[in-house]
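A quick write-up on the structure given underneath.
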């Protein structure tokens, strides 16, 4: 440790003397330096510290911690809300018409009437905005008034302050379960190792604990830090939204600078866990915190249907202009040809000018033709559709008490237009519940057959057991390993879900501790059945007497023992697992009065006991350090007696005693046995040659040693191994730690600088932890640097993807015999890796590297420089890790089971039958991905796999051309086979393209992009292996932009975020890898199987509903506006109307506004059961582009016809009578209402009591309004009077005859078309529905027969005859 501290101190001195960011300070009061760099970073001083002048000059201008997410105040609400609303084209259109009606020469209605639609729209939206803003105001008030302890300069103590009063530079004191009010730099922790644990569930949804570290080398150590003792200056980057990055340094009064990084920063809205007290200084406050800068609100995307609607609206504008131009030209011609008028006409205005005025008048009269209100109606309909989607019980996960989340509110109809689906594999198609299945060590495969049988038993029990309902609150919202200190009595309230659920959180927190701590510790993960052969070898490792059945076959080389020991040690410590128990929140390595032997004590014990140095027996892989035969090693080194025997609890009786185990066949490959035996003999000879008489055996008393070690073992801690709880950041880590524990290599405690590990036959040892190099997607591995507990050597243990570890592992230098052994180990391990991948197992490789002290010191200096860097810190740390992780020695590999989720094969099969192409984009091995594809029925037995693995762009170009020709030949044969009588599509092979990440990188280049696109579009499916997150997003973007189809991406982890955000529709699965994918998605589900119902049912419904509602809306507007247009031919195109202006305005606003909404929310063209059983119906509805184009014009023509009937039937009925203008318009308006409502009845596929109620209320509301208006209105519609018009008309039989005749005549063509279409042109939907109904009837009859035990076909004479 002295050497470590010396190197660390030396690096600090080097940093202080560097230039740039590390230049020596020119003075603490240098204003020019601060001004020069103010654009790149910020400077922070303590608020009540010794540098008050600097604080007043720099930090006082930073934003406060008060947040405000509401937009308005009482004074600014009206002007700001109106300003924002008039940014919408619809409101500007209404405003333009209202202002135009105030011009006297073009006035069509009363000035007040044209203001009504605009006022109604503005008022409704303003009320909605006001309610939403008031809810945000209450939320902000509750958060800002939260209490935290802040240092007060006058009282010289920490006092309670509201969050809103916290400033940058304040010292804040937090206790366990407190929410963090701002972004705080951690300066003190009550943990003696300077560690603080936080929970980031409010930020990223992850419930596992994150570790934060106090800033190193603070001048004040040992007690709580205060501003008076804080003489340092903090330089850091400006506020940004990157949650995983923080760059800066802290400069002490001595001039020493210490680098700062993300592990020193406590982020706002996180929760302190397992730490009694922490103190920090506020760096970012309020809206400058990373949490607030990431709060972007709901996602907004434009749907495909909305884009098509814009085209339809433009066609409506074109029709409006044509109709207004026709009226303007007609009025000019009529006025020019008018001779001796019998009524007053403005003769001074020229016909051309009069026609110009008429054009704008008709714009006001025919304003309803533009369906601007349709946009508001669509938003309401989508809200209703989302309500029913979220409340669908078929999409509800009872086990998690979770339902689907609709995060994007305006693309529900796009769910019905998906053509390509891009899916991740792990956690999306699979459970992401990793279970250790088998392993390979030293090139020897251990199949763990009993473990495989147990997994099958678990699957059976899972299917037979009833569903256990566990609420989301108990699984996610509970406190995580809450501190049991009496001072930690504060409850944790989520800033994002401040609901009543948080009030009783404390009451149930104790019951949630164990549930949350074992988030990746299911029964299958914990109960790993050891392999008998591996148990036998470990018993060799720790037994004192060996019963040899035939001498040579039982010899175990010390090199293999070293491999096995290091392999399980790597499994136990190469991770970031937090160890806890139900009664203790975190197990740490004790510092004082530790019963664990130090390294020197262990060495002394071994030397006194065995006259043998463990330095020569373990963790040394060079030939010169391979000491002793297995027999001498185990006899002299691990003579433990009774306490040292290794016993395992196994569910079966396969393991009885060591004598039986000795008879088992050795699993070492036959071609390796000879080499391993000879290597053992060589190692023993080398030991004898090297040691000679230097190591003499001494007599010891085994009973005394065993008794003393047993006493020490009892002092390690009160917690038994069975009570340990492991909290891992990933299910892989949890599975591996539980596997090591099954072999009694148990991780018992963790602290920042050491680990407590129990090794079989040795006992509990403290492992000094020097560095953790965490996993990242670039390196695809993680490493730990430790000092070996037995040898004292510096060792790097690395685990990661096999493709990376196998490349980094090299054959060490040494004797030819040793080189041959290492080559054989690599070869056998690669074979095992391929076999694991073919079985669909997830593979991880483990390796190690022994460092020399000088080598480690040199690396440490460069690594400390990288850690202290501000600019390019991530790149420097990556380079530092890569320099260390070279020349690794391969230890072995593991195979982990990640089973498919339920109903995944059925879901993918249904999606493919629906015409959706499913692609798998994964980072796993090629063999693993292919195996999973077969398991989930993406690949069939008759499909042909096209493999693309290249090392250069030229080779990729050639290969793509060859694969294109192969696919073309296959398509030609497909054409021949389909033309053959009796051939079916199932007998024809499909092509599946499998491409690895390196080849995909070449294929996505601009030169080869078109070839790859052409090839992939001709394939049934594509599987991209070893792909990075960036490659996933590029593949999605390629299909989306170049084919112009709707794409959907589904994933569950942070590596899927780019893909989810790139696709037209992004779906996140709330799984085992946090909530990053969910928070970036448009829809969030809990299981992959929910995709089928979400797309095939709700997607189909939402699209058909909105499509039909848009057509109905356009039909309604065109039909009603044409009534006014036909009247212009009989009034000289003057812009007059035959309908009461109040009724005219309210017709679309009130009388016919609700039925389309109900139609768009509740209509179902096909039952859900039929859509699920016949996925082809989804594909049949995807011809929307051509369908929309011609259906728009059919709808317009139908509206023209109905308007002609509705106008001219009353016209001819009143011909020659003395009926007035409003009397003529009364039956026209009533008939138009009935036609529009009954037209919806004809078009509706579903009629419920809600539909009928709304239709009846709409008609009743109209007739009630016009009757009351006619009875009491005197001067509401000058110059005409409406008094008594409607009452007179409705009292005459002619009114009802006209209404009935007009309605029937107008709707007969629509009814006839529907009848003929359904009778003579049966479509796929009707035929499939008949088939499904027949199958349902057949199943019901079978169930009824079985229930009543009727032997319908028991008697052959009663069996139905077959003709």
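Quick reminder: no glycine exception, Cβ is built from N, Cα and C everywhere.
According to TrEMBL:
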type	residues	note
ACT_SITE	424	active site, 4-aspartylphosphate intermediate
BINDING	424, 426, 1052, 1056	Mg(2+) binding site
COMPBIAS	686-696	compositional bias 'Acidic residues'
DOMAIN	59-114	domain 'P-type ATPase N-terminal'
DOMAIN	1078-1323	domain 'P-type ATPase C-terminal'
REGION	648-696	region 'Disordered'
TRANSMEM	90-109	transmembrane segment
TRANSMEM	115-131	transmembrane segment
TRANSMEM	313-334	transmembrane segment
TRANSMEM	354-376	transmembrane segment
TRANSMEM	1110-1130	transmembrane segment
TRANSMEM	1142-1162	transmembrane segment
TRANSMEM	1190-1213	transmembrane segment
TRANSMEM	1219-1238	transmembrane segment
TRANSMEM	1250-1274	transmembrane segment
TRANSMEM	1294-1313	transmembrane segment
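Where TrEMBL records a feature, it is marked here on the structure.
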{"residue": "424", "record": "active site, 4-aspartylphosphate intermediate", "Cβ within 10 Å": "30"}
{"residue": "426", "record": "Mg(2+) binding site", "Cβ within 10 Å": "26"}
{"residue": "1052", "record": "Mg(2+) binding site", "Cβ within 10 Å": "32"}
{"residue": "1056", "record": "Mg(2+) binding site", "Cβ within 10 Å": "31"}
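Taking every listed stretch (90-109, 115-131, 1190-1213, 1250-1274) in turn, the largest tally of C-beta pairs under 8 A with the transmembrane segment (1142-1162) is reached by 1250-1274.
Counting residue by residue with DSSP, the domain 'P-type ATPase N-terminal' (59-114) contains 28 helix, 0 strand, 28 coil. Rounded to the nearest whole angstrom, the C-alpha distance between the residue listed as 'active site, 4-aspartylphosphate intermediate' and residue 1056 (Mg(2+) binding site) is 7. Scored on C-beta pairs under 8 angstroms, the neighbour of the transmembrane segment (354-376) with the top count among 313-334, 1110-1130, 1294-1313 is 313-334.
Within the same chain, residues 351-352, 354-356, 358-359, 362-363, 366, 369-371, 374, 1114, 1117-1118, 1121, 1125, 1128-1129, 1132-1135, 1192, 1196 sit at least 6 positions outside the transmembrane segment (313-334) and bring their C-beta atoms closer than 8 Å to a C-beta of that stretch.
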